[in-house]
Amino acid sequence: MARAKFERSKPHINIGTIGHVDHGKTTLTAAISAVLASIDNTVKLKKFDEIDAAPEEKARGITINTSHVEYQTPLRHYAHVDCPGHADYVKNMITGAAQMDGAILVVSAADGPMPQTREHILLAKQVGVPSIVVFLNKADMIDDEELLELVELEVRELLSKYDFPGEEVPFVAGSALLALEACLKNPTIGKGKDKWVDKIFELMDMVDKYFPTPERDIDKTFLMAVEDVFSITGRGTVATGRIERGAIKVGETVEIVGLKSTASTTVTGLEMFQKTLDEGLAGDNVGVLLRGVQKQDIERGMVLAKPGSITPHDKFEAEVYVLNKEEGGRHTPFFPGYRPQFYVRTTDVTGNISQFTTDDGGSAEMVLPGDRIKMTVELIHPVAIEQGMRFAIREGGRTVGAGIVSKILD
């Protein structure tokens, strides 16, 4: 059977559900797919147990259970990620296995914000999730309107505390379970027949309006991490790699950044699959011929970038998830002064971890396998790093942690 072609008629957005365990994230994910399927036969209804039985995936050497559900509103196409366990959320957000352009925070109206509600908001901030909308679930269990308002106020304060615009974040109160049940009874229910189903439509209207369309990788400034270098007699030096973002044309100037002092050069040729190209775009694996560059001047781990767009750094703060021993991580804790390898884009660089900071701003003496922690790192060579960049921590060739740069310090 021929594969269905992916139609690009609408803007595509990646979103996900976050929030405390048992507040209804997976039920809401199922309800959204069911409600949208009721007005659009191209949307496939996903049942709760299909989403809950999340397949294992590997991202940066870490196994994560995530479910991907696809659906569309009249305005946009969405890929929605839902993780069954709390640890899977932490790992997913730190490795960026499934990027989120926006998150739906699910809070049970019956319980109010709980510890993981707080932790997921903090994580969303630190890994750079740009916007949040809130779904107050299980609203059918609350008879008192004032109680709902109190929970909303509490969540708004929590969002403001972690630098989200708590005052303006959209809130919808509803019941994911009752909406899902109504759709299972009447799969073409549509709008206006059930108040709980209408609440899900209202939520998706908010998501459509409030989450901005992300800038496409191709519209960003050019960057390519160098994977390999070789020289072609009589023509010069070629750097190969995958273009991470932006576009590059023959004749343009690029900077070679990281490991050594930054140098500037001109692109004299581009090749892909042994064919010459006029322009390389985000996602392409290309060979870039560079004018006047010797093979020894450039190595794996450096990046080619638009001049002035990225600078080398060696000191940063990062949010890190440390693998436990079942995940193939360390069996023992580590302490300040630990010097593992930091795998940044295409290369390992040794770094010294000088201090650990807990969520409440205090300092930790040591870090155990399975912990999530903020740490300060100093690399022995400066490399091209920027806020929001992901990396792996390795020791003897195996991954012992995954992190994201939360702040540049030098």
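For all residues, glycine too, the Cβ spot is worked out from N, Cα and C.
The GTP binding site feature in Swiss-Prot is assigned to 19-26, 82-86, 137-140; the stated evidence is similarity to another entry. Listed in sequence order, the residues of the same chain lying 6 or more apart from His86 (GTP binding site) and placing their CB within less than 8 Å of its CB are Val21, Gln116.
Look at Thr26 (Mg(2+) binding site): DSSP puts it in a helix. The Mg(2+) binding site annotation in Swiss-Prot covers Thr26 and rests on sequence analysis.
Confidence in the domain 'tr-type G' (10-215), given as mean pLDDT, stands at 92. Swiss-Prot lists 10-215 with the feature domain 'tr-type G'.
As annotated by Swiss-Prot, region 'G1' applies to 19-26, with the evidence given as similarity to another entry.
For 61-65, the entry in Swiss-Prot reads region 'G2'.
Outside the region 'G3' (82-85), and at least 6 residues removed from its termini, the chain residues within Cβ reach (under 8 Å) are 16-17, 21, 25-26, 29, 51-52, 54, 64-67, 69, 92. What Swiss-Prot lists as region 'G3' is 82-85.
The region 'G4' feature in Swiss-Prot is assigned to 137-140; the stated evidence is similarity to another entry.
The DSSP breakdown of the region 'G2' (61-65), given as helix, strand and coil counts, is 0 helix, 4 strand, 1 coil. A Cβ distance under 8 Å defines the sequence-distant neighbours of the region 'G2' (61-65), meaning residues of its chain 6+ beyond its ends; these are 54-55, 83-85, 88, 91-92, 95, 97, 321, 323, 327-328, 392, 398-399, 402. Residue pair Cys83 (GTP binding site) / Thr26 (Mg(2+) binding site) shows a Cα separation of 8 Å. For the region 'G3' (82-85), the number of residues in each DSSP class (helix H, G, I; strand E, B; coil) is 0 helix, 1 strand, 3 coil.
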